[in-house]
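Have a look at the structure below before the remarks.
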Amino acid sequence: MAAASFITSLVTRLLRSAQSGRLHQRPFHLSAVRNEAVVISGRKLAEQIKQEVRQEVEEWVASGNKRPHLSVVLVGENPASQSYVLNKTRAAASVGINSETILKPASISEEELLNLINKLNNDDNVDGLLVQLPLPEHIDERKVCNAVSPDKDVDGFHVINVGRMCLDQCSMLPATPWGVWEIIKRTGIPTLGKNVVVAGRSKNVGMPIAMLLHTDGAHERPGGDATVTISHRYTPKEELKKHTALADIVISAAGIPNLITADMIKEGAAVIDVGINRIQDPITAKPKLVGDVDFEGVKKKAGYITPVPGGVGPMTVAMLMKNTIIAAKKVLRLEEQEVLKSKELGVASN
């Protein structure tokens, strides 16, 4: 029992260290004379995290363990998905993680895809596994996400990982919400007792962001201790404005260009833009990537702001790499085994 307790304690400390980001906080300053917000470079923060992962990977391999391996399943030929997958495999190579991309046609049946996932789940060479979303309409995305083994689920979409996150337990955190969390913590933006508005309630992004920010900072999986309001597509714009005007932190993950404008936020607020929208540039008539926030207008009033591109996007990829090394170390599996062992010992003693 003493050994089981020690291992469980060690596992908890490892995951809390990886997921809290508390050691990397910097002081939060809002200058009274600043004319514009500090633009947070997600690329620079992502490089910091990838350097940490790179060091962790090399230490893991130097200790006699096999190099971590990430398998990515890409269904169809969606250009955006192809670009995202390429970014992930490049990031894996940069931190010393082996990776493979398994290409399947859009015509693949749901059964065939589930069989492939099962095969990868049972492959001991595969540490991390993700299926790039979105999937063709004839395939149930929720069924696919739940088919991935929870301890290989580097996207953090499996219902077990979602449930553990909601219970403030250590789990594979969804990469984008975790990236937002790391931006906030590493920039030194305070959350304890602060008002936060999250625009967007998707189960993969908006909801987990709100969960990370409002939960108890003293729990197994530390949260932000903030007061969080979530808006969605049925929230009237004027009602949203009432909430954002009081918010210390505004996070937009709605997928609506110019949803958040300067008149909606208070002076010095931190604004995190998770939105990814492709629009036609009114000047060049070429495709342009923008977020949900009127960047030029809001940065004149906010204290901190993330750009699109170059903000949350690079952090998402970096957190995927973090999840992959966690998966390789079988941290969650070890914790689960110790819990089961403790239960078995308890039953035996009775």
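Placed from the backbone N, Cα and C atoms, the Cβ positions cover glycine too.
These features come from Swiss-Prot:
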TRANSIT   1-35  transit peptide
MOD_RES   LYS50  N6-acetyllysine
CROSSLNK  LYS50  SUMO2 cross-link
BINDING   TYR84, VAL85, LEU86, ASN87, LYS88, VAL131, GLN132, LEU133, PRO309, GLY310, GLY311, VAL312, GLY313  substrate binding site
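The two recorded residues the residue listed as 'N6-acetyllysine' and LYS88 (substrate binding site) have their Cα atoms spaced 12 Å from each other. Fewest other C-beta atoms within 10 Å: among the recorded positions LYS50, LYS88, that description fits LYS50. Counting other Cβ atoms within 10 Å of each Cβ, the binding-site residues PRO309, GLY311, GLY313 show the lowest value at PRO309. The local packing around TYR84 (substrate binding site), expressed as other Cβ atoms within 10 Å of its Cβ over all shown chains, amounts to 19.
Taken residue by residue with DSSP, GLN132 (substrate binding site) is part of neither helix nor strand, so it is coil. Within the set TYR84, VAL85, LEU86, ASN87, LYS88, VAL131, GLN132, LEU133, PRO309, GLY310, GLY311, VAL312, GLY313 that the record links to substrate, no two Cα atoms are more than 24 Å apart, and one pair reaches that distance.
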